[in-house]
Amino acid sequence: MPGFSGIHCETDIQECDSNPCLNDGTCTDHVNSFSCKCATGFTGSTCGTEIIECANDPCKNGADCLDLLNGVYCDCKAGYTGHLCDTTINECISDPCQHGGTCHDLINGYNCNCVSGFVGADCEIDFDECASNPCQNEGLCTDEVNGYSCSCVSGFVGVHCETGFGYLVIMMGITAISGVTLYLYRRTSLMKRQQKEATRKEKLKSNFHQLVHLPSQKSQLPAQLSISGHNTYITTS
């Protein structure tokens with residue numbers, strides 16, 4: 001009878017004695033046969049065939065597969081991680097966006113959506129609103145977060161120091177029975193203050209020529225014109 005030996009066929013032949021199972025497979029004897037339990041990574045009746053795990057393309061997202069005796073190794077592309085490269089790396093975990101910027105995760109990167117007033121890859125730069133010189137007429141610009149302010153020189157007002165102003169004030173008062181003194185106070189804008197002193201004096205004389213003779217009591221009084229700095233005094237006595 002197959003599988004037995006001896007004069008009376010009393011001995012079961014041990015088919016596993018010849019170590020038929022390869023690659024560390026475990027042999028189990030049967031009557032007139034054997035079976036092999038293969039180690040991981042091998043297949044076949046005698047475990048002689050290596051299993052090619054990469055044939056099933058287990059690695060994800062374009063990773064390269066390297067077949068091992070006991071599995072596979074996946075060489076992940078940039079931006080992915082995990083045994084099978086199936087997990088996206090979140091670059092926003094480190095909170096790279098500064099000054100309240102919002103981080104958007106990308107494949108192998110990120111993008112920062114900056115709040116108003118900040119620029120740069122990580123919103124790290126305070127945008128200089130004074131770079132465009134918004135303040136007019138020699139006003140001093142101070143950069144602020146998402147804005148600016150203008151400090152105007154004397155004679156100008158407005159958000160951008162765009163409005164100039166100047167005026168004349170005439171005050172009259174009786175200082176004696178025999179005479180009247182007129183005080184003329186003059187304020188000018190920055191441009192008028194840059195005019196030549198001689199030209200300014202001539203204009204003052206011309207503008208107030210009609211005021212040099214003023215009546216006092218019952219007679220016409222001689223007038224004297226005196227100019228000093230930005231104030232003009234016309235005095236009669």
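From the backbone N, Cα and C atoms, a Cβ is placed for every residue, glycine too.
When you check TrEMBL, the disulphide partner of Cys76 from the set Cys65, Cys85 turns out to be Cys85.
Record source TrEMBL places Cys123 in a disulfide bond whose other cysteine, from Cys114, Cys135, is Cys114. Mean model confidence for the domain 'EGF-like' (88-124) is a pLDDT of 95.
Using CA atoms as reference points, the disulfide-bonded residues Cys38, Cys47, Cys76 were checked against Cys123 (disulfide bond), and the closest is Cys76. Proximity of distant same-chain residues to the domain 'EGF-like' (50-86), defined by a Cβ-Cβ separation under 8 Å and at least 6 residues beyond the stretch ends, is recorded for 23, 40-43, 106-109. Here the C-alpha separation of Cys152 (disulfide bond) and Cys38 (disulfide bond) works out to 90 Å.
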